[in-house]
Amino acid sequence: MAGILVMKHLFFFVSVCLAINLAMCTSNIPNTKKTYIIQMDKWAKPDVFIDHVKWYSSLVKSVLASTPEKESTGHEEERLLYTYQTAFHGVAAHLSEEEVKKLQEQHGVLAVFPETKYQLHTTRSPMFLGLDRYDSSKLWSDRLSDHNVIVGVLDTGIWPESPSFNDTGMIGVPAHWKGACETGRGFEKHHCSKKIVGARVFYRGYEAAYGKINERDEYKSARDQDGHGTHTAGAVAGSLVHGANLLGYAYGNARGMAPGARVAAYKVCWVGGCFSSDILSAVDQAVADEVNVLSISLGGGVSSYNRDSLSIAAFGAMEKGVFVSCSAGNGGPDPISLTNVSPWITTVGASTMDRDFPATVKLGTGKIVTGASLYKGRTNLSTQKQYPLIYLGNNSSSPMPGSLCLEGTLDGAAVAGKIVICDRGINPRVQKGQVVKEAGGVGMILTNTAANGEELVADSHLLPAVAVGEMAGRAIKRYASARNATATLRFLGTKLGIRPSPVVAAFSSRGPNFLSLEILKPDMVAPGVNILAAWTGALGPSSLPIDQRRTNFNILSGTSMSCPHVSGIAALLKARHPDWSPAAIKSALMTTAYVHDNTYKSLKDASSATPSTPYDHGAGHINPRKAVDPGLIYDIGAQDYFEFLCTQDLSPSQLMVFGKFSNRTCHHLLANPGDLNYPAISAVFPEDEKILMLTLHRTVTNVGSPVSSYHVRVTSFKGAVVKVEPASLNFTSKHQKLSYKVTFETKSRQKAPEFGSLIWKDGTHKVRSPIVVTWLASL
């Protein structure tokens with residue numbers, strides 16, 4: 001990694017590009033007005049208004065430009081899209097720039113955020129995580145009354161008929177639930193149940209940008225037409241289903257991480273994307289509905305804390321005791337590609353499992369190359385015959401339209417009857433196969449580029465197709481340039497016991513977290529590659545409109561899949577420890593995570609086949625069985641997070657967006673942002689080379705045996721001497737808190753960050769915190 005200052009400039013450049021792209025995107029929206037989210041000071045409401053909604057409506061009405069349209073209709077009511085009153089306070093409204101400027105001058109307005117477009121971040125995993133039926137029953141509370149944990153899933157809706165949402169044997173809906181079952185096309189009251197306890201839709205921001213949803217083409221209800229929301233909800237809390245599979249692949253028992261938990265579906269994503277005003281309204285409503293966990297598998301760009309409406313809403317949810325889990329993004333293996341980096345959000349990266357779907361390419365030379373595929377169709381290539389092989393690129397590092405198999409780029413005369421080699425990139429992987437099929441090709445070899453490395457993601461293709469790694473792809477393309485090159489494809493089904501596993505997925509977004517280097521992100525990784533879970537009945541497993549196949553389950557990959565694994569396990573921990581705060585649950589997950597694969601070697605990075613770092617895997621891979629009894633936790637309250645924000649160079653008015661509701665003020669308790677009581681430790685030495693010493697502080701809470709003694713072990717670093725004081729912690733009661741400090745003294749400033757760990761051990765527990773030491777470079 002280059003000097004950290006260079007990366008700072010790179011982050012600025014990426015941020016500017018994201019802003020430009022967003023501006024270009026929104027400028028193409030055919031409306032002269034745009035949606036803005038206006039955060040209000042709840043306590044500034046004048047007494048003349050009987051409630052906040054009347055006040056907000058009056059404010060918006062007061063700034064609207066006078067037009068004949070406004071005078072002849074109740075136009076101001078249409079301009080007010082949402083009111084927010086629980087996790088966030090304010091409104092979303094459709095306004096011109098001139099109207100926004102007027103509104104910003106009004107009493108009680110704290111901040112104004114332009115609408116942002118978010119994108120979705122797109123079973124073996126329970127067993128892989130140690131959650132077989134015996135262990136799961138031990139993790140879940142023994143009391144039926146504690147099967148009351150509700151997970152709110154913000155996504156594309158839900159397919160209620162899926163066997164994963166069967167509520168047989170479940171007790172009644174939890175008494176604390178305040179949600180609703182909203183009806184619409186294809187979704188009636190009876191579609192909610194003791195498993196799906198609520199369903200709501202949020203589309204006003206989307207419609208303000210793109211116009212009315214065409215209800216003939218899309219369900220304007222909680223019914224999931226896309227499949228993504230059904231898949232994530234099933235991964236969180238799907239009921240046990242015997243004999244689950246995708247076209248025969250991954251056959252076995254499917255179930256979510258917390259099969260006893262309840263699901264509340266909040267549909268915020270539509271064909272054109274997911275809009276921040278809708279997402280914000282869903283978070284606000286979910287907290288009011290009294291969900292216990294929020295699972296959000298989507299993200300946008302990175303904004304400063306006070307400009308990120310989802311971050312602000314998540315802060316409000318955390319204040320109410322709601323655990324918020326978000327996907328890290330699919331921007332890997334590029335560094336600084338994370339989204340959802342606020343410390344009060346649990347940010348989840350993706351990793352592989354020990355299950356694979358092997359397929360082979362046999363070349364005319366007799367050489368056999370192993371790849372992956374989920375192809376299952378009527379047409380199979382004969383393994384006794386060789387087929388002509390063609391590649392329409394030039395083997396350079398720059399793919400061409402033909403080599404990418406983009407729509408309309410393949411010459412039917414050239415590819416008919418042949419196996420076509422296609423490079424990954426630009427268009428969806430399954431769509432490349434369809435392009436080959438329509439051009440008359442009989443099969444496809446999908447080759448990774450340098451960005452994907454050797455990671456193999458299996459897809460449910462519509463023609464015989466095999467995905468191969470970058471090195472194998474290069475060799476196949478070299479062979480294809482020879483005259484009369486041939487190949488055939490073979491599909492080998494499901495294979496278990498893959499080694500090494502887990503491996504950090506190449507697509508999983510990476511750190512560092514340049515919003516705050518002192519907060520290590522992602523927080524952890526969880527299974528996110530080739531995950532079998534529930535699926536919509538409205539779409540085939542390839543998600544292509546032409547795909548007429550229908551399945552109860554599908555196999556997908558992405559941090560969208562890893563996020564609900566953590567959400568579900570958080571639900572298990574909440575049921576077992578109802579008094580734990582969101583930070584306590586996160587701490588238990590982080591300090592018990594492991595950093596070695598099933599070959600007892602360090603976790604690897606799929607993009608490079610080299611050991612991954614905490615910038616890739618965070619604290620490590622989740623370990624639910626250990627998390628239920630972590631020994632010690634690093635707890636953080638809402639005021640502690642606010643104190644962290646006080647170290648982030650935010651103005652008083654910017655801090656008000658987090659502190660006004662609870663009248664929080666800065667007590668300046670943290671000398672360094674790295675002093676936040678986070679389960680990971682990141683020591684950042686400033687550019688001033690005269691500063692050679694840095695001390696960070698932590699406090700742990702005993703949640704294990706009342707009387708226990710812990711001793712510390714810390715990694716040695718090349719660039720710094722690390723000292724922990726005290727070196728032992730002796731507890732005499734449960735919930736007792738003890739503090740320690742970690743001092744870093746520079747020996748030799750390093751150009752790249754150094755990674756290590758700090759572990760507290762008592763003979764039963766190993767409470768592990770990753771450590772990153774960074775020296776900022778001067779110009």
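Placed from the backbone N, Cα and C atoms, the Cβ positions cover glycine too.
Automatic, uncurated: that is what TrEMBL annotation is.
Residues annotated as signal peptide in TrEMBL: 1-19.
Taken from TrEMBL, the feature domain 'Inhibitor I9' applies to 35-121. Sorting the domain 'Inhibitor I9' (35-121) by DSSP state (H, G, I as helix; E, B as strand; all else coil) yields 33 helix, 29 strand, 25 coil.
Under the heading domain 'Peptidase S8/S53', TrEMBL lists 147-601.
TrEMBL lists Asp155 (among others) with the feature active site, charge relay system.
The feature active site, charge relay system is assigned by TrEMBL to His228 (among others).
Look at TrEMBL and you will find 387-476 tagged as domain 'PA'. DSSP places the residues of the domain 'PA' (387-476) in helix, strand and coil in these numbers: 21 helix, 19 strand, 50 coil.
The active site, charge relay system annotation in TrEMBL covers Ser560 (among others).
Residues or ranges marked as domain 'Subtilisin-like protease fibronectin type-III' by TrEMBL: 675-773.
The number of other CB atoms found within 10 A of the CB of Asp155 (active site, charge relay system), across every protein chain shown, is 29.
Between the CA atoms of Ser560 (active site, charge relay system) and His228 (active site, charge relay system) there is a gap of 8 Å. Annotation: Ser560 carries the greatest number of neighbouring Cβ atoms among the active-site residues His228, Ser560 [cut-off 10 Å, Cβ to Cβ].
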